[in-house]
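One structure is given below, encoded as structure tokens.
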Amino acid sequence: MAITVGINGFGRIGRLVLRVALSRADIKVVAINDPFIAPEYAAYMFKYDSTHKAYKGEVSASGNKINIDGKEITVFQERDPVNIPWGKAGVDYVIESTGVFTTLEGAQKHIDAGAKKVVITAPSKDAPMFVVGVNEEKYTSDLNIVSNASCTTNCLAPLAKVVNDTFGIESGLMTTVHSMTATQKTVDGPSHKDWRGGRTASGNIIPSSTGAAKAVGKVIPELNGKLTGLAFRVPTVDVSVVDLTVNLKKETTYEEIKSVIKAASEGKLKGVLGYTEDAVVSSDFLGDERSSIFDASAGIQLTPSFVKLISWYDNEYGYSTRVVDLLQHVAKA
């Protein structure tokens, strides 16, 4: 029986989640809600993508629906989720991808509107967070609202888990060199809470805060309080990279670390954690479905217990793939 899905928020993640969902035989997206996007424009935005290129199938719009390869999807334009007729549309699961309704209280509106469960595509202050490949097995069916954490946490957590499980992490600092996102400015503009964040995205390297490293402690409790980090926003359109510098409890060699991560990428974490020794750059990972691709030739070691590890991620497509994976896991529980 198909998993019937509604998507709230048809931005970067919402549209890519739809692309991924359309490739899964057990998922049927029946409705989209976005108060700022009419059906005809939704069809256009889905079909044409400057980063991931045009959708190869047939896309059209008629009335309040869009049609993708013969599959009809109803488009709603409600500002308040409680007014979205999810129940009438037959939606059981909602992907909350507006970046607005990220708390239990906010996401509950979807359930009040007729949905059964909600997956939030952002970190949450109070909803339980799950990272596929790290802690999704802890999900229980009584949890109706869950968070897929952030794209950066999805990159960092699998790597941190493998390293911690084998060598133990005493403490660590993370830097993510992160591509531009929609919240940034095309030219200098007002940004009262984050002055640097108001500067031109395409012409600056912008230091920023991130809770991604601390969030790892929520999905890997034994690392709680042991990791923190920061971000640099850089003028690339997609694909980011994590720099994880850690003090290890157990002394080792960089070759042994590489071997352990490679084994994990070919075993339980295959499809989530990747491994490469090639001389790669960011654009080589556009469209990569994996959460984290360890760059074996980019890391360095200073002492037997102090190392810097580098891992790439498509912060749009890889993350959207994990959203759909988590949705499937929730539906099967």
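Heads up, the Cβ atoms here are built off N, Cα and C, so glycines get one too.
Values in this document were obtained by computation on a predicted structure and should not be read as measured data.
Matching Thr103, Thr181, Thr276 to the D-glyceraldehyde 3-phosphate binding residues that Swiss-Prot gives (Ser150, Cys151, Thr152, Thr210, Gly211, Arg233) identifies Thr181.
Within Asp34, Asp284, Asp295, the residue that Swiss-Prot lists together with Arg12, Ile13, Arg79, Asn315 for binding NAD(+) is Asp34. Among the recorded positions Ser150, Cys151, Thr152, Thr210, Gly211, Arg233, the ones whose Cα sits within 10 Å of the Cα of Asn315 (NAD(+) binding site) are Ser150, Cys151, Thr152, in sequence order. According to DSSP, Thr210 (D-glyceraldehyde 3-phosphate binding site) is assigned to coil rather than to any helix or strand. Under the three-state DSSP scheme, Arg79 (NAD(+) binding site) falls in the coil class.
The distance from the Cα of Gly211 (D-glyceraldehyde 3-phosphate binding site) to the Cα of Asp34 (NAD(+) binding site) comes to 27 Å. Restricting the recorded positions Arg12, Ile13, Cys151 to those with a CA within 10 Å of the CA of Thr181 (D-glyceraldehyde 3-phosphate binding site) leaves Arg12, listed by sequence position. Same-chain neighbours of the D-glyceraldehyde 3-phosphate site beyond Ser150, Cys151, Thr152, Thr181, Thr210, Gly211, Arg233, judged by a C-beta within 8 angstroms of the site's C-beta center, are, in sequence order, Thr176, His178, Ala212, Ala231, Ser240, Asn315.
You'll find the Cα of Arg12 (NAD(+) binding site) roughly 16 Å from the Cα of Thr152 (D-glyceraldehyde 3-phosphate binding site).
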